[in-house]
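As written in TrEMBL, here are the features:
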TRANSMEM  A:22-44  transmembrane segment
TRANSMEM  A:56-80  transmembrane segment
TRANSMEM  A:86-102  transmembrane segment
TRANSMEM  A:114-134  transmembrane segment
TRANSMEM  A:140-163  transmembrane segment
TRANSMEM  A:184-203  transmembrane segment
TRANSMEM  A:234-253  transmembrane segment
TRANSMEM  A:265-282  transmembrane segment
TRANSMEM  A:288-305  transmembrane segment
TRANSMEM  A:317-336  transmembrane segment
Amino acid sequence: MSTATAPAESTPRTYPSYAHALWRRVLLTREFAVIALLLVVFFYSRGNVPNFDGPLTLYYLFLDIAPILLIALPMTLVIVTGEIDLSVASVMGLSSALLGTLHADAGWSMPMAALAAILAGVLCGAVNGFLVAYVGLPSLAVTIGTLALYRGLAEGLLGTKAITDFPDKWRDWPSNRIFGDGTSYPMILVPFLVLLVLFVWLLHFSTFGRGVYEIGLNDEAAHFTGVNVERTKLLLFVMSGAVSAFAGLYFTLRYGSARGDNASGLELQVIAAVLLGGVSIFGGRGALHGVVAGVVLIGVISSAMRLEGYTVNKINIVIGTLLVLSVMATPAIAWVQRVWARRRLS
Amino acid sequence: MPGTAPEGGFALELRDVAKSFGSVAALRSGSLAVAPGSIHALVGENGAGKSTLVKIVAGVHRRDSGVFRLHGTDVDFGSTADSKASGVAVIYQEPTLFPDLSVTENIFMGRQPLGTGRRIDRAAMYAEAERLFAGLGVHIDPRRPARGLSIADQQIIEIAKAISLDASVLIMDEPTAALSGVEVERLFAVARSLRDENRALVFISHRFDEVFDLCDTVTVMRDGAYISTQSIADTTVDQLVAQMVGREVTDLFPKTPAEIGDVVLDVEGLSSAGLFRDVSFQVRAGEIVGLAGLVGAGRSEIARAVFGVDRYDAGRVRMHGSDVPAHRPRAAIRAGMAFVPEDRRKQGLVIDESVSRNVAGVIRRGLSKAGFLTSGAENRAAGPWAGRLEVKTSSLDMHATTMSGGNQQKVVLAKWLATEPKLLIIDEPTRGIDVGTKAEVHRLLSELAGQGLAILMISSELPEVLGMADRVLVVCEGRITADIARDDATPENVMRAATASIQHSPSQPVDAEVTA
């Protein structure tokens with residue numbers, strides 16, 4: 001028995017798919033503004049900053065921003081749902097401490113210790129996700145709590161000691177150059193690109209991603225449409241925990257040192273980059289190409305300023321100002337549009 | 001132009017008022033003249049310019065041109081404070097009170113009476129609030145916080161505030177849209193007593209029975225312009241509707257008989273503590289079942305539990321004979337249910353999302369190929385359904401934010417009809433929708449039933465229930481108190497069943513003082 005008939009019969013109304021031409025939809029976006037700014041800063045630095053235009057600069061740039069790039073991927077999805085995960089850097093610390101103790105003290109093989117660290121990250125994310133999605137607590141409060149809790153566990157495991165006893169093969173892997181000596185691309189970019197493809201598909205080309213946006217815009221309507229709001233949030237926090245643990249492994253191997261206080265404060269850098277990339281802190285808006293550009297932009301600015309001899313304080317002032325300006329950009333653009341519209345009329 | 005001036009002149013007079021926003025003329029030529037001691041109805045379809053006119057009187061917008069007089073004096077309000085100071089009060093459909101302050105503090109916000117040492121004189125404030133409520137003949141504790149008050153009570157607080165400001169012109173913008181029958185009666189009693197104090201009242205409503213019951217004069221607007229003003233005694237519903245839409249609407253509720261088929265939805269012994277208990281009913285293919293009752297009787301809660309957005313404690317829901325798991329909207333959708341909820345803007349659609357993604361919102365799982373969902377696929381699927389429902393939009397990527405209520409409802413309907421459901425649950429199908437679109441929605445529901453769709457319709461508008469439903473189930477205090485066939489249903493027996501137990505036990509758990 002067929003009930004509602006397919007749309008047919010007397011020629012129904014048709015609509016154009018888009019109100020504006022393709023170039024306007026692509027170029028006049030927050031994301032593209034970040035990409036444009038990145039290109040400007042990058043090419044300016046290549047022309048004007050001494051030593052910026054060498055393979056080493058880009059190589060170290062990628063090594064430095066790799067953990068932020070990695071964690072920014074799940075963080076974008078978490079923030080698009082209107083939640084936040086402040087515990088990511090503590091999960092990195094915990095995974096670092098676990099890798100160190102399990103390998104050096106307990107004698108586990110590196111793969112087993114790494115796997116255990118990532119499973120611990122999954123568990124950390126699941127705890128956050130359960131409290132946020134199923135108990136209904138605000139993620140800001142929950143992850144401020146677990147930020148302290150996971151860091152406490154990490155420092156409790158290792159105390160003040162650092163474990164540096166890792167096999168060379170493992171320690172060198174993330175810093176190896178993909179295309180051989182003299183090139184700028186470290187091996188860590190490979191897992192990053194794999195995850196990037198995965199998260200772009202998840203957010204932009206899957207039914208799951210549509211639900212992520214809908215939860216951020218209106219979680220009640222999403223629930224009424226059959227989106228499983230709780231499960232979606234839980235999964236996102238689990239992804240955040242797993243990727244953070246992976247970033248913790250990278251951090252440990254790159255610096256050759258497992259410490260409980262590894263990557264302290266990195267969560268704020270991740271969130272700053274995600275917001276700079278055009279993701280709305282209120283949820284519902286943002287795209288991964290903007291976020292990746294935002295992370296790289298911060299990296300390029302720090303690296304260029306460092307080469308010019310600026311101190312970390314000054315670099316922070318510039319990046320902080322940029323972030324505040326970028327948050328102001330959206331209302332400012334709306335204001336300009338209103339003024340334009342008024343002028344056109346009069 | 002609206003009538004000749006009574007002795008002593010009009011309390012409120014607007015002539016040929018115009019207001020444009022950018023290139024859009026919201027009001028081309030609005031006129032309204034209200035005499036003191038009169039309740040004046042202002043009617044028109046959505047977008048006719050009523051709200052703009054009200055906002056000009058309230059000082060929210062400034063008019064571009066035209067005459068605006070209060071008690072014969074030309075006025076020009078630059079802010080809502082100006083209009084309040086001149087004795088104009090506007091009571092909106094959903095008042096905005098400070099939830100954590102007491103009822104009294106809300107009434108005297110910004111102008112608290114001061115005692116010695118410039119301290120707020122609470123005793124005087126409470127005494128004055130009690131005096132106001134006594135004058136209005138209502139029982140609300142002046143010390144209770146505003147949080148948790150029913151919308152009806154919140155409106156009463158706004159009215160009390162207006163009276164304490166000695167407002168001579170009160171405008172009520174669709175005040176009854178969210179009220180139950182008892183609450184409407186109380187509001188009307190208050191309105192009549194204000195009229196008898198020689199205040200001028202403007203009453204905006206989509207419900208004609210209320211207009212005819214309460215008002216003495218009516219002004220019709222259409223497309224941003226004044227159409228007519230006449231005495232209520234000299235007009236009929238049909239005449240008003242014809243003036244509002246500019247054409248004759250012959251039949252508001254065109255439900256045509258459809259062949260009733262097999263049982264589609266079977267609900268048995270559904271209970272949820274504090275909301276409803278032991279609810280059992282069936283809906284058959286081709287049948288429209290109306291759920292009638294007062295606001296707050298539990299009708300929406302039953303629908304939400306059936307569809308699975310809310311939990312229930314006991315009972316079972318079956319579609320075509322097989323059980324539907326509880327509290328899982330996804331499972332209900334798979335079983336062939338569709339649910340158009342009460343609150344379009346919060347529940348029905350994602351207002352900041354495009355038409356296309358909203359319409360494709362439920363069917364998108366079927367649209368993804370090899371796990372890949374593209375905007376192109378969504379547009380191709382959404383376009384025809386939007387077209388079939390004649391959604392008015394310039395393109396599929398327009399957001400639903402800017403649309404009128406009727407148009408938004410079409411988007412919600414398109415979204416659910418795209419799932420080709422077997423059962424459509426529709427909660428307040430035409431609330432806040434203009435007359436023209438309303439008729440379209442009714443025609444559509446009738447047509448869908450004719451094609452064998454089972455429809456469960458919740459409506460607070462009695463004429464809609466009686467006109468559309470093959471069978472009326474009346475819900476009272478969480479229980480089904482009557483099951484009336486179309487031919488036997490009358491306004492009287494439905495209302496009696498809807499209020500039956502309330503008359504026996506006046507104490508309701510929430511807002512006990514309200515029903516008294």
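Positions of Cβ are set from backbone N, Cα and C atoms, glycine also.
Note: TrEMBL annotation is automatic and uncurated.
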TODO: Can you tell me which of A:22-44, A:86-102, A:140-163 gets the most C-beta pairs within less than 8 Å of the transmembrane segment (A:114-134)?
DONE: A:86-102
- [ ] Rank A:22-44, A:86-102, A:140-163, A:265-282, A:317-336 by Cβ pairs under 8 Å to the transmembrane segment (A:234-253) and hand me the top one.
- [x] A:86-102
- [ ] Would you kindly check A:22-44, A:86-102, A:265-282, A:288-305, A:317-336 and say which stretch has the most C-beta pairs under 8 angstroms to the transmembrane segment (A:184-203)?
- [x] A:288-305
Task: Contacting positions for the transmembrane segment (A:140-163) when only residues 6+ beyond its ends and CB under 8 Å are counted - done: 84-87, 89-91, 93-94, 96-98, 100-101, 103-105, 124, 127-128, 131-132, 257-262, 264, 267
Open item on the list: Six or more residues beyond either end and a Cβ under 8 Å away: which residues meet both conditions relative to the transmembrane segment (A:22-44)?
Closed with: 276-278, 287, 289-290, 293-294, 296-297, 300-301, 304, 326, 329-330
Task: Long-range Cβ neighbours of the transmembrane segment (A:265-282) (under 8 Å; 6 or more residues past either end) - done: 29-31, 33-34, 67-68, 71-72, 75-76, 79-80, 82, 84-90, 92, 147, 216, 290-295, 297-298, 319, 322-323, 326-327
Open item on the list: Same chain only, please: residues at least 6 beyond the ends of the transmembrane segment (A:86-102) with a C-beta under 8 Å from a C-beta of the stretch. Say none if there are none.
Closed with: 67, 71, 75, 108, 112-114, 116-118, 120-121, 124-125, 128, 140, 143-144, 146-151, 153-155, 157-158, 162-163, 240-241, 244-249, 251-252, 258-267, 270-271
